[in-house]
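Here you go, one structure.
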Amino acid sequence: MEVENASVMWQGVMLGAIVFWILCSSYLNFTQKLRSFLQPWVNHHVETGTHVILQIQSYQHRFLDAFFSGLSCVVSVPFYTAFLPLLFWSGHGQLARQMTLLMAFCDYIGNCIKDLVSAPRPPSPPVRRVTATKDEEDNALEYGLPSSHTLNTVCLSGYLLHYVLTHTQNQGPYVSYLGVSLACLFVVLIGLGRIYLGMHSLIDILAGLVFGLGILAFWLAVDKQIDSFVISGLNVTSFWGALSFLLLFAYPTPELPTPSFEYHTAFDGVALGIVAGVQQTYQQFHHDGVPRLFSHDLTIPVFVGRMILGIPTILLVKFCSKALAKWIIPVVANTLGIPIKSSSYVKSDKIKQGGCLQKLLPKHEVFDVDTGIRFVQYAGLAWSVVDLVPSLFTYTNL
C-alpha cells in the first residue's frame, strides 16, 4: 500500500512540476530571456566557424557526398521509426522499449534546445549544403544547435553498446574495447559528415556530443526503473498520456516556425502508443521468454512472414488513425468552442471559430489541430506495433 501511495505521489509531483514550469516560463517569458542570452554567443561561433566547414568541403568528391548522405540517412528519425518495429518483432522487447523511449527523449530534448536557442545553420552560400533526400531538405529548415544526428547517434549507439555488453556472456576486455572504438568511430563519422554536408557548424556538433553524453549517462542510471514502471507500474497509461499532453505545452516557442515541433509530436505519440500497448500485453507478447530471431521458434522465414504481415498492418492503422483524428478532433474542438487552425490536415470549411471556451483563453490564442492529429496518428501506429500486430502473429502462428 505504501509503495502504491509513493508511486501515485511521485507521478503527481512530476506532472505538477511540469504544469508549474509551463505557467512560470509563460509568465516570466523565460524562453525569450534565455534565447537573448545564448543566441548571440552561438551565432558568433557559427559565423567564425565557417572557414572550418569550407576547409573540410575543399575535399569535395561525389563518393564523399554519397557516403555521408547515406550515413546521415542511417541515423535519421525515419530510419529509426522503420527499424524499431522490426526490433520488437524479433523478440528483443526490452531493447526495443528502451531504444524507443530513449529516442523520444533525445528527440524532445534536442528539438527543445534547437527552438529555444534558435541559432542558424551555416550560411549557404558560401557553404555548400547537400540535401540528397526529402528528409534532409526538411532538416535544413530546422535550427542548427545542437546537431540531432550527433546527439541521437551518441545516445542510441552508446545504449546499444551497453545493452550488448551487459547481455553477452563470455566477453573479454578486447570485445569491450572494440565495441567502444567502433561506437566512437561511428560518432566521429556522423559529426564529420554533418559538417561536410554543410548542415551543421562545429559548435552544433560539439553541443550534440555534450548533450548526447549527458542524456546517455542519465538514461543508463534510470533505464531499469523506467522499464519496470512501464511493464508493471500503476496508472501507467493515464500517467503517460497526461505527461505526453503536458510536454506539448512545455515545448518552447521558436523564433520562427520550424518542423522540429512536428517531429517531437510524432515521437511523443509513438512513446505513448508503445507504453500503452506494452503495459497491456507484456505478459502475452513482450516478456523475457518470447522467442528471439535465429532461435528454433523464430527462424528467418518466420520473421520475413512477420514483416510481410506487420508492415502493411501498421501502415493501415496509421492511415485509419489519421483519418479518425481528422474527423473527431475538429468536431470536439468546434463543439467546445475551442478556436483552432490547420495548415494542412483539415479543410477550412470544417473549422469554426468562436465559442464558450474562447472567452476563457488569451486573445488571439488559436490551437493547431494538426498537432493533435499527428499525435493520434503516430500513437495508433506505435500501439499497433506492440499490440495489434503481435496478436495477428499469434492467430497466424508466426
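Cβ coordinates come from backbone N, Cα and C, glycine included.
Taken from TrEMBL, the feature domain 'Phosphatidic acid phosphatase type 2/haloperoxidase' covers 96-220. Positions annotated as transmembrane segment by TrEMBL: 12-30, 66-89, 174-196, 202-222, 229-251, 298-317.
Just tell me what is around each of these and how deep it sits.
Confidence over the domain 'Phosphatidic acid phosphatase type 2/haloperoxidase' (96-220), given as mean pLDDT on the 0 to 100 scale, stands at 87.
Non-local neighbours of the transmembrane segment (202-222) in the same chain are 42, 45-46, 49, 52-53, 98, 102, 105-106, 109-110, 113, 119, 121, 144-155, 158-159, 162, 187, 191, 194-195; each lies 6+ residues outside the stretch with a CB under 8 Å from one of its CB atoms.
Counting only same-chain residues 6+ beyond the ends of the transmembrane segment (298-317), those with a CB under 8 A from a CB of the stretch are 85-86, 89-91, 291-292, 380-381, 383-385, 388-389, 392-393, 396, 398.
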Tell me whether the transmembrane segment (12-30) sits in contact with the transmembrane segment (229-251), defined here as at least 3 Cβ pairs under 8 Å among residues 6 or more apart in sequence.
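Yes, the transmembrane segment (12-30) and the transmembrane segment (229-251) are in contact.
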Using Cβ atoms and a strict cutoff of less than 8 Å, what residues sit near the transmembrane segment (174-196) while being 6 or more residues removed from its termini?
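For the transmembrane segment (174-196), the far contacts come to 52-53, 56-57, 59, 64, 67-68, 71-72, 75, 130, 147, 149-150, 153-154, 157-158, 161, 164-165, 168, 202, 204-205, 208-209.
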